[in-house]
Amino acid sequence: SAAAATTPEAPKLKTLAVYRYATWLEENQLKKTAVWIAVATAVLVRWTVGLGPYSGQGVPPRFGDYEAQRHWMELTIHRPIREWYSDQSKWWDLDYPPLTAYVSWICGFIGSKINAEWFAWETSRGHESVDAKLYMRSTVLIFELLVYISSVVVFTQRWFAHKPWTRQHTALLLILLQPGVILIDSGHFQYNTVMLGLVVWAVNFFLADQDVLGSVAFCLALGFKQMALYFSPAVFAYLLGKSLRQGFFGCIWKLIKLGLAVVVTLGLLFSPWMQSMEEFLQVVHRIFPVFRGLYQDKVANVWCAVNIVIKLRERFAIEDLVRFSTLATLLSFLPSLIHLIAKPTKRGLIYGLINSSLSFFLLSFQVHEKSILLPALPITLFILDEPAMGALFNTLATFSMFPLLRQEDLTTQYYVLLGLWVWMTTGTYKNVSPLLKFLSTLNLLVIVTMHLGEIFVAPPARYPDIYAVLNSLWSAAGFVLYWAYFNYRQFTMVNTPKMGFRVTKSKTHKLA
């Protein structure tokens, strides 16, 4: 086909230092211990970042995300389960789905046995101590090991099952050292990797054609953080497309199994609040806080960019913005969704996850700058299928979160990890088009220029947020281009074997 004829050959990895390291491991017969070395390296980097400050450290009266997570542990171990989402203590409302609450209860229960002062009811508000920080950082790392890192190890083994081991290990190292997720979870302080890891586990099950287990894993991701909804159109389209190919009765039976998996999983998660409609709606109200507005801070999406010229939040009611942003998001991911229903391949699923999550990030209601981690996940899983684009996207995504990281005094960690990422992935720009080389060079020049300007040139008094605004504008423009690019890739390259590693039920095509 014309698409196949224009498809570039698989990327040559010898220019990557990480690939040369993987080759050295193979030559010295260290393959059996290589995964453990990679995991230990990932843990060491995360723990080193965790030695720095966290969100809201030493910033009363409300502190930040660290205190919110700590308070949820305090709340869940001291209040009855039916009051978790209706507590009126006016501190940090629990506004994530039930699985987050259950994890908070586990962490709070264990932590209170170590030191009851960390989670004492009301008197522990704003508690900051070295031992408490050590415990909280450890909980993030332990859950990341159990859920996220394990899922990435399995993914690379399945996605590269018919490829050289060196490629598999190169991908593993690059995915585990993605800078954005490390800076947010191990620096800023979050548990995003639990949700992201559950999504990867869902993908792992889908790759093995275990669609019911994949649906359960994805529902657990939704049950941990509602932002996993960014991926839901792609998952829905992929499963529906597969079902439609199994004949009438096969389709009905498969849809019944998938529907039962979804209903049972979500039903069990929400069961404590299903005794009355009022309690259930209260949980929904907390999880989807419409009152917060169209977006938060200077997020790098379309609405924040448009708001510079047209003050959307002042000219339109919240209800109108909700309806308009929902319609825009739907129209944005609809072509990808329809294509995935028509051609439900496993490679197409990854492209669908990218396009769906980018649509939500760019156009949906109530987007936070940290939400860029969602499209960054499937793009990073494609790091050896779309190497240059994956490397460039992660550079831009990390840069887009810089205003938040600077606010948390994580600039040193940011510069080191972003510099490490650029060094590790520079070789991906070999043998690419002159246009892509130009864009990658331009992106780095803009990022360096903005950082130098921010360090040496004070913003004008009239525009104190000028650097944050420029950051969001540049990043948003890049993300829009990425949305267009990956939609194009899904429609033109999804069935061509030369881009990377085709994982379908049909015979795997081996690259030259």
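Any Cβ shown, glycine's included, is placed from N, Cα and C.
Tertiary proximity for the transmembrane segment (141-160) is limited to same-chain residues at least six positions away from its ends with a CB under 8 Å from its CB atoms, namely 35, 39, 42-43, 46-47, 50, 103, 167-169, 171-172, 175-176, 185-186, 191, 193-194, 196-198, 200-201, 203-204, 207-208, 381, 384, 501, 503. Look at TrEMBL and you will find 141-160 (among others) tagged as transmembrane segment.
Summarising the annotation, TrEMBL assigns transmembrane segment to 166-184 (among others).
Under 8 Å from some Cβ of the transmembrane segment (191-208) lie the Cβ atoms of residues 69, 100, 103, 140, 143-144, 147-152, 154-155, 158-159, 181, 184-185, 214-215, 217-218, 220-221, 224-225, 227-228, 231, 235, 238, 346, 349-350, 353, 370, 373-374, 377, 381, 503, all in the same chain and six or more residues away from its ends. Here TrEMBL flags 191-208 (among others) as transmembrane segment.
According to TrEMBL, the transmembrane segment annotation covers 214-240 (among others).
Within the same chain, residues 81-82, 85, 97-99, 211-212, 215-216, 219-220, 222-223, 239-240, 242-243, 246, 280, 282-283 sit at least 6 positions outside the transmembrane segment (252-274) and bring their C-beta atoms closer than 8 Å to a C-beta of that stretch. As annotated by TrEMBL, transmembrane segment applies to 252-274 (among others).
Among the features that TrEMBL reports, transmembrane segment is placed at 321-342 (among others).
Here TrEMBL flags 349-367 (among others) as transmembrane segment.
Below 8 angstroms of C-beta separation, residues 11, 13, 178-180, 183-184, 187-188, 297-298, 300, 369-370, 372-373, 375-376, 379-380, 411, 413-414, 417-418, 421-422, 425, 428-429, 432, 436, 439-440, 443-444, 447, 451, 467-468, 471-472, 475, 478-479, 482, 485 of the same chain, each at least six residues beyond the ends of the transmembrane segment (387-405), sit close to that stretch. Positions annotated as transmembrane segment by TrEMBL: 387-405 (among others).
Same-chain neighbours of the transmembrane segment (435-457): 388-389, 391-392, 395-396, 399, 402, 422, 429, 467, 470-471, 474, 478, counting only residues six or more beyond its ends whose CB sits under 8 Å from a CB of the stretch. What TrEMBL records for 435-457 (among others) is transmembrane segment.
As annotated by TrEMBL, transmembrane segment applies to 466-485 (among others).
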Subject >> Candidates 166-184, 214-240, 349-367, 466-485; stretch with most C-beta pairs under 8 Å toward the transmembrane segment (321-342) >> reply: 349-367
Subject >> the transmembrane segment (214-240) and the transmembrane segment (166-184) contact flag, 3+ Cβ pairs under 8 angstroms >> reply: no
Subject >> Positions whose Cβ lies under 8 angstroms from the transmembrane segment (466-485), at least six residues beyond its ends >> reply: 297-302, 304-305, 308, 332, 355, 358-359, 361-362, 372, 375, 379, 389, 393, 396-397, 399-400, 402-403, 443, 446, 450, 453-454, 459-460
